[in-house]
């Protein structure tokens, strides 16, 4: 049957990509439907119960700066918060939160159910209707047809999903959930470039069977950090400890002796697994010289005894899992509540995507999350937000944007998308700060300053968040001005206080603002002396902007040069074979990737600076010819 209501955007999948996609589209005013196989699993954390980490928290903050749900849901569910790399530079500092699975899922569902313009419907999607090269409707398992202007597909690990435990395998999207077989077959019919990837999860353990007394305690940070710019410590539930144990020689022997029973090593699994989150059997094989690996014992929530042993993801048979877990200190009597497993699933070459995450071959069909070859909640969430935003823009008549994708110098989201569509991936892609060439400008602390104004123009940022952002920016400007008006000299009282509190002896007069350039002097020192009571986020921004000013200016110069290439568009139907001087190899690579700008073309492996110059001259010449034709 035809559903009586027509939608602007239909989002398939209620995971981290799907929820952010649906929320973004609805916030922008698009009539949106979130289609999920099970309403009870909306926002479910399928693997580790944690949000954030190196590179990942930067993505979470970007989602938050654009009005998304992930960061606030984390503040409402986080049972341990830590700042990683806290002693390193501002660019690589990262917040990580251990989350209560039940509370996180509840926070996401509450946000979804209270979002205007958003409907939720429980049913698996079996088909996407395509007419004249454009997605027009979604068909459910029972034949309900939802007509729509755009479709966002966020299928996670469900497309053709196969679960492996030892040499036994079964069809599944994750443990306890059916896979999407018909939809996977339909996408293959559409001749989209498909591959197989693999991920996995460890066994879960009953905390009552664990001896924590022999493990190292890993407490959270004090004072507690928050994940969202709108978050507050008062939102946090009860805080708990995590624990650390280790594998040992006996653990490794057990695993090595049973590698022939591993689907990964027997050849049963064809999909490539995540390089930066390998299974324990892969670790033992790849790092044979190591006699021990850290294992983090993480609570799954406040109302459950289940623990997540981070670091022992596995697809080995259950009897082997039991044996190697019992070989570790503190886990000798551990009761396993759920076995670990690997899951193999379809993904589609992201080089077939536009920067908006719309497929090149089918108009108005967008992909986000693991279907694009990424791994991680955060990577999925930020893609969902981008896909949902661009899907909604198709239906918006009054927006100043036709499409929107941030550049590499604007957001880690820009880095992620550019990496995917330019280089593709043959293994699950994970974000790291090292992937960003402008990471000093792309810190987790300034995501709001980079993106919230754009989010407001797009319609993603509501009045409450916008007011908070404006107040923060006014506070930064006001406090900066105040500090520039306060002078410390070697002989005045302020200078003496600075020396007494920090040990820094002044040799000449200096403003309180300029004092922050000194490595040993921090904003909190100056605030204590001068009586400032501004928010800690404001102080942090001022201190970073002062201490890193020289480096930031140099990166900005590099960005200004790159922008000239970013602003030179390459048409999707550009004929590279007519560019005199390009080698056949470069022509083939450019024709395959179809870069949208000269800058993206320059990031394709094998495309030389000389080739970019030839392209630039050809584009310039074509523009002149076109301008002359238009004038005649």
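Just so you know, glycine gets a Cβ as well, placed from its N, Cα and C.
If you check Swiss-Prot, you get these features:
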BINDING   13, 14, 15, 16, 17, 18  FAD binding site
BINDING   273-287  NAD(+) binding site
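Here the features listed in Swiss-Prot are painted onto the structure.
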residue	record	DSSP class
14	FAD binding site	coil
273	NAD(+) binding site	coil
279	NAD(+) binding site	coil
285	NAD(+) binding site	helix
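Other than the site residues 13, 14, 15, 16, 17, 18, same-chain residues with C-beta atoms no more than 8 angstroms from the centre of those residues' C-beta atoms, the FAD site, are 11, 19, 20, 21, 36, 43, 154, 156, 368, 369, 380, 384. Around the Cβ of residue 275 (NAD(+) binding site), the number of neighbouring Cβ atoms within 10 Å comes to 13. Of all the Cβ atoms in the protein chains shown, 30 others lie within 10 Å of the Cβ of residue 18 (FAD binding site). Within the set of binding-site residues 13, 14, 17, 18, the entry lying nearest in space to residue 287 (NAD(+) binding site) is 17 (CA atoms). The two recorded residues, residue 285 (NAD(+) binding site) and residue 18 (FAD binding site), have Cα atoms 36 Å apart. It is 16 that, of the binding-site residues 16, 283, 285, has its Cβ surrounded by the most other Cβ atoms within 10 Å. Comparing Cβ neighbour counts within 10 Å across the binding-site residues 13, 14, 15, 273, the minimum falls on 273. Within 10 Å of its Cβ, the residue among the binding-site residues 17, 277 with the fewest other Cβ atoms is 277. Taking the C-alpha atom of residue 16 (FAD binding site) as reference, the shortest distance to any of the binding-site residues 275, 281, 283 belongs to 275. It is 23 Å from the Cα atom of residue 279 (NAD(+) binding site) to that of residue 15 (FAD binding site). When the C-alpha distances from residue 15 (FAD binding site) to the binding-site residues 273, 275, 281 are tabulated, the minimum falls on 273. Between the alpha carbons (Cα) of residue 18 (FAD binding site) and residue 283 (NAD(+) binding site) lies a span of roughly 32 Å. Counted within 10 Å of its Cβ, the other Cβ atoms near residue 281 (NAD(+) binding site) come to 27, all protein chains included.
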